[in-house]
Protein chains: 2
Amino acid sequence: MRRIQCTVAYDGTLFSGYQIQPNARTVQEEIEKALTRLHGGKEVKIHASGRTDASVHAKGQVFHFDTTSTISVSQLKRGANALLPEDIVVVDTKETAEDFHARFSVKKKEYRYKVLCSKSRDVFLRHYMHHVPYELDRKVMKEAIKGIIGTHDFTSFCSAKTEIEDKVRTIYEAEIIEEGDVLTFRFVGNGFLYNMVRILVGTLLDLGNGKSFTKDISGMLEAKNRTLTGKTAPGHGLYLWKVYYDN
Amino acid sequence: MRRIQCTVAYDGTLFSGYQIQPNARTVQEEIEKALTRLHGGKEVKIHASGRTDASVHAKGQVFHFDTTSTISVSQLKRGANALLPEDIVVVDTKETAEDFHARFSVKKKEYRYKVLCSKSRDVFLRHYMHHVPYELDRKVMKEAIKGIIGTHDFTSFCSAKTEIEDKVRTIYEAEIIEEGDVLTFRFVGNGFLYNMVRILVGTLLDLGNGKSFTKDISGMLEAKNRTLTGKTAPGHGLYLWKVYYDN
């Protein structure tokens, strides 16, 4: 038995998200279908680093699966790419340790969120960046995002629906990269709660747009109250950028 | 009566082309529907600089229409953009001369064709660039494209279906812009025949891929024979970039 570690990119536009669900097109189902075909119909189940929501993209989602096949990792990559739909691509395949787990072995994850700041819509970027037609105070946002770095309870920045109890996460890096009209919000952390990046970005955009909150970022964190932060930014600006492991 | 000149961008992916046809989603129909609604149901007919095919994009398509409405050009732009689907956007509106005609007044047109040169597919660019996974000799293509500049009979570089008799066109500029993995083939001319840019690019890519033809570019032009040139490159790499007028 060999354990294979795969990195995939996908365009989230036409998916109902990563995780398999009935009557919906999902990334997991498309990948499992392709790998099962590649194994002559023998069912393959994959385990990813985590889920992504509908319309959320991935540049570097990672999953693992087990196989008894002797196919080489490069043949596997080529074969899977020939069978996968055009909105999923295998970027890398390698053989990994038996005790590697795409979810439980994660050390850090990087998410990026892209915002197009322009008066006009851009028809070519409509599925790939969140369009903000109003003025944003970039200085205010760049100052505020620093407050997120560190180990905090992120209750205020996660969906109220979250069932996970421990909402403490460590953010190692948080910055805004400016390239002309495009702002990229970049976050690296040891883990992220449900909707956390989208609520962080939504709150930062509200701050940049001059909305006044009763508390600043550190006050929001302390309050542990979702109603004190901004709205959830739309999914199509979000990218699961990279998953970091020890190997 | 006022004549209005509009510049629009559109993502050609989900259109069966520019021109209205039954049982198909077309750019012209979507724009006329929006403008008709904006005129309280009074039918508006538009006249564009030319057609684009299915999956071909536009950064700067131009059309005109006549109106008796007193709506300002900025209100018109805003109103149309609110009514248009998300894959069409009005970039500019202005009042123009009575004798201006979006098609007959054209001085020059600029087309660009984008090619992604990489081993792997890119899921985010699949509708916006033609993916070439094999090696291309950029020097060969950059040398060959120069042969297109000037006034020539382009019979060899237009669809055999073309009914237009005069196939002489003048190309003022033809170049390949390199940006990492992306090659942009840029053409400025006084007019382009049906499929002309796509056949030019298809032929240049064949040359870059080492395919041997019986003739070089000037020989192909002289021969006036479509069977001596390369295949038609796919539509989704092509952009109607800009239309030039005297005004």
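Placed from the backbone N, Cα and C atoms, the Cβ positions cover glycine too.
TrEMBL entries are annotated by machine, without manual review.
The domain 'Pseudouridine synthase I TruA alpha/beta' annotation in TrEMBL covers A:8-104, A:144-246. Taken from TrEMBL, the feature active site, nucleophile applies to A:ASP53. Annotated substrate binding site per TrEMBL: A:TYR111, in sequence order.
Of all the recorded positions given, namely A:ASP53, A:TYR111, the one with the smallest number of surrounding CB atoms inside 10 A is A:ASP53. Here the C-alpha separation of the residue listed as 'substrate binding site' and the residue listed as 'active site, nucleophile' works out to 13 Å. Under DSSP, residues within the domain 'Pseudouridine synthase I TruA alpha/beta' (A:144-246) fall into helix, strand and coil as 34 helix, 31 strand, 38 coil. For the domain 'Pseudouridine synthase I TruA alpha/beta' (A:8-104), the number of residues in each DSSP class (helix H, G, I; strand E, B; coil) is 26 helix, 25 strand, 46 coil.
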